[in-house]
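Annotated features, as they stand in TrEMBL:
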DOMAIN    45-366  domain 'Membrane transport protein MMPL'
DOMAIN    764-1071  domain 'Membrane transport protein MMPL'
TRANSMEM  181-197  transmembrane segment
TRANSMEM  204-225  transmembrane segment
TRANSMEM  237-257  transmembrane segment
TRANSMEM  284-306  transmembrane segment
TRANSMEM  312-340  transmembrane segment
TRANSMEM  361-381  transmembrane segment
TRANSMEM  913-932  transmembrane segment
TRANSMEM  939-960  transmembrane segment
TRANSMEM  975-994  transmembrane segment
TRANSMEM  1015-1036  transmembrane segment
TRANSMEM  1042-1064  transmembrane segment
Amino acid sequence: MKWMTKNHVWGLLGWLIVLVAAIMMTPDTGKLVADKGQIKIPSTYQSVRATQMQKKWGSDQKNTTAVVAVFSNGDDKLTPAQNAAIERTIDKLKSDKSKYQIKGITTAQDSATAKQQLVSKDKTTQLVQLNVKLSKTHTRSLIRDQLTKAVKTSGVKTYVTGSDILNQDFSDATQAGVRKTEVIAAIFIFVVLLLVFRSPITPIISLLTVAVSGLVSISVVTNLVQHFNFPFSNFTQVFIIIVLFGIGTDYNILLYNQFRQEMAHGKNPHDATASAIKIGGRTILYSGLSVLIGMSVLAFAKFSLYRSAVGIAVGVVVLLAVLLTLNPFFMTVLGPNMFWPVRKSAGEGDSKLWHALGSTAMIRPILTLVVMAIVMVPLALMGHGTLDYDNTVEIADNVPAKRGFQVVQKHFSKGTAEPTTIYIQSDHRLNNEQSLQIIDRLTKQLQNSAGVKTVLSASQPGGSAIKALYVRNQMATVTSGLTKSQQGLDKINSGLGSAKQQLDGANISGGVDSANQLASGSQQVATGTSTLSSGINQVTQGVNELNAQLQNSTSGSQQAQLQQLTTALPQLNQAISSLNDQVNAASTGSTSGVTNSLTSIGSSASDIGSQLGAIQNAMKGISTPNVNAGQLVAAMQGQGANLNAQQQQVVTATIDAALKQQSQASAGLQQTLAGSLSKIGADAQNIGSSDQSVASQLQSLQGSTQQLQQAVSQLNTASNQVLPASATAITQLSGGLSQLSSSTNQLASAMGTINGNTGQLVSGANQVASGNQEMASKLSQLGGQTASLSNGLGTATDGLSKISAGSGQANKYLSGLQHASAAETYYIPAAQLKSKTFAPVLKTYFSPDRKITKMTVILKDDPSSQTAMKRLPRLEGIVRGALKGTSMNNAKVAFGGSTSQTNDINEMAAGDFSRTAIIMLAGIFIALMFVTHSLVQPIAIEGTLLIAYSGATNIVHWLVKAFLGQSMLTWNTPFFAFIMLVSLGVDYSIFLMAKYREFLHQPISTDAKMLKATTIIGTVVISAGIILSGTFAALIPSGVMTLIQVALVVIVGILLLVILIPIIMPAVMKITYPTPESRLNDDQK
């Protein structure tokens, strides 16, 4: 037990247990990066507010990621066969939407607008936009792998890209870079330590202790991330590994050199270990404390990426614990064998380079500092230029997502792949005509802004104006309609004049005379039929009496009566013939003349009725133009007209007065014309009714006359048949009474029939006479109404002439307005807003509650470029200026998309960099004060670090431009290079000043103490610098541009520090602690 304690076995066992537990409990680092390692921007920034607004769009876009499928035929146009194959692939995607968890898909086949945006102008490339569900189980890597296979199309180059896909590729590249770095760094460190200590044992022990600290640190940090949301990013793991391998090896070199030096003084392994831990351990703690402070202050950073570097502080704590508790076991147990096969423990040799530099600086310290300032300050102040915010530079060119992104930029525009989205949130619904006018006006202003390729909005969903929805085009339709209306009015006016002429030429008086003659003749017929009826009644009575006498007659009286009957029958026959002639004469009188006149009048009345109908229809189509002076003034201002309030009132009053005068004139004219037409229509209706009544009665009269004629004709025929037969019967009466009785019975029956027909004849004749009298009266009234109708038509022609002239003036005014700037005003009818054709626009550009609208802005520049970011403030100014003073004055505005997010990162990173750097330098300054017990020395040390950092950054800027083809440093290179170089580079100054303080009690001058410390520690610092530089050089094969550039800055910075520290620090010490009598020679060492 005592042996185990003496030889630090408990430390070994303890770290073995911790190591096993750490390995078993380490979460999946790749999954942590995907879930919690993404850059987080505070909610006060625009891109985050835009994301919050975007989430209100509905379930189709909530918790989704945007993916672009790219189909390309290189520089050649897509063939019909290729397009057909692409359509089949798209159909397969649509049918497998649930399989791939696709929430939305937009293709070129959806609409003409979509085709315009998703098919390149050179017809070589076609895009498909996808919204895919993103969750803990449906990760970005899974989405990328699934869709990459799903979009494969025969004969076409296919890619899957998008910002999240590119970020996932960047994360994968970083993880792969970490694995490469670990292997390369381990090999490099082993080789360097083998050369330094000339032993294979020492490198193995050093790597073992550093590896334990690295594994435990990664486990602790990742568990803190998983359970407590500890800051984490793509770079956390790789920088923990690099820092621990770098400074851990440096600390081991310092500790092992001290241990070897103590054994060279004759101490046993246990005592040498204790002395090494006491002396070297103190220096390690001082250096580790400065690094710990520098990394810990990153917890105060607001930017999540910068704050994620605080995990390095956790690693430093673990590293210090491992080195100071695990190394003693190997040193005490192995002793001199730790440096096998070398047996001689002579300690570390002196550095001739640092001795030469230090001695030269101390001879003329002020001149030395002036020369260094002349050389280094301009280099430090030259600046490294603008930074590159394009994350695609972090990814190798052979990665499919990056190749797809480059294809989109080549065949569309640089901004097409990552457009900027402007969200506008109002407190009221925006799907109305007034709001759409504001949106359209804003769309035009944005389109006219420099650097903007196109803008898609609710008013211009295809990126270009819809002409049919602008007042200019609508006025063209109105003016065309007014022209046609004016032509129609002229035609109606001509027709009314013609109708008036026809009406005036109609012979109404001739028709009235003919009707009077017809009425007189019909009256005579009625009188004749009455006389005829009386005669027939007498004959009938006589026949009946004869029949009675024949039945009861005596021979004497019968002969007298027969003789009398024989005489009366011819007279009856003559009277019937005369009646028949009168009826025929009456029926063929002036009926045809009256009928012709009535037909002519009816035709004229029909023409007049048709023309009046046309006039009424034309009147319905004529309306006063719907022009609003306020809208015209607003449109003039929207087109750039600068009008003050007084000028607006004058313009508005002038337009309103002109419109009111025109409206009153048109209304009065329409009222006059409407009254005239109404009176004319009433008269024409009365004439038509009278004409129809007369015609109807005439037809009835003609029918009755025909019945009368037929009855008289039958009577005449019957009398011609019966009377001769009766005469014969009477002549033959003497032949027998029986024959006479039979004949008289037949005569009585025939006369009864005739008597019945004459009743109908009288009734019909009276009806004809009455009808003809009424017809004559109606025709007389028709003459007066026709005169009134003619006057009304004259008034109508005058009114139509005035309306035609007014329409011409209105058309001329609107034609002039059509070419004014006010005609550019957007106007959409309310019915079209609710139509099915506008429904896709509402769904795409408005939130479900219609209170948020979005506008897609495609820039000409690279979305991640400084040029694109500088355009955002100007675009924001345009948006707020366009909304000011409108119904959307209080609307919230937020810019989303890659450019907005990059701009927010730029703004936040720049401010946070300065703030974090000050805190870090302040923390390190305090630590240096405790180490050096001075105020001047910390200032000199931090000044040296800053000069080395600035100079190294500028040199690397030149190097990457010359050898890597990158014109800019990546945006996060300066920050990570700063924290690495400052926090790690300060160790070398601490090493020097700690060694100096070891000689404080020696009886030599300050100059000699400083030069001695510089000479001794130089070898350690150079070795440590080589180790740290080599460790960071292991980042170069990772292929991640940020890691490459950070590595280069650290390497160049360490090289500068190795030269500057032995020059500046001795010169400062010489000036601070002058010792004129001191002489620098070898004896004073």
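Just so it is clear, glycine is given a Cβ too, placed from its N, Cα and C backbone atoms.
On the 0 to 100 pLDDT scale, the model's mean across the domain 'Membrane transport protein MMPL' (764-1071) is 83. By the Cβ criterion (under 8 Å, sequence separation of 6 or more), the transmembrane segment (1042-1064) is not in contact with the transmembrane segment (312-340), since fewer than 3 such pairs are found.
When Cβ-Cβ distances under 8 Å to the transmembrane segment (181-197) are tallied for each of 204-225, 237-257, 284-306, 312-340, the top count falls to 237-257.
Residues 39-42, 231, 233, 235, 243, 247, 251, 254-255, 312-313, 316-317, 319-320, 323-324, 905, 908-909, 912-913, 915-916, 919-920, 922-924, 926-928, 930-931, 972, 975, 979, 982-984, 986-987, 990-991, 994 of the same chain, all 6+ positions outside the transmembrane segment (284-306), place their C-beta atoms under 8 angstroms from a C-beta of that stretch. Counting Cβ pairs closer than 8 Å and at least 6 residues apart in sequence, the transmembrane segment (312-340) and the transmembrane segment (204-225) reach three or more and so form a contact. Sequence-remote contacts of a segment are chain residues at least 6 beyond its ends whose Cβ falls under 8 Å from one of its Cβ atoms, and for the transmembrane segment (361-381) they are 946-947, 950-951, 954-955, 1007, 1010-1011, 1060, 1062-1064, 1066-1071, 1080. Cβ atoms under 8 Å from those of the transmembrane segment (939-960) belong to residues 376-377, 379-385, 921, 924-925, 928, 932, 966, 968-969, 973-974, 977-978, 981-982, 985-986, 989, 993, 1044-1045, 1048-1050, 1052-1053, 1055-1057, 1060-1061, 1064-1065, 1068 of the same chain, restricted to positions at least 6 beyond its ends.
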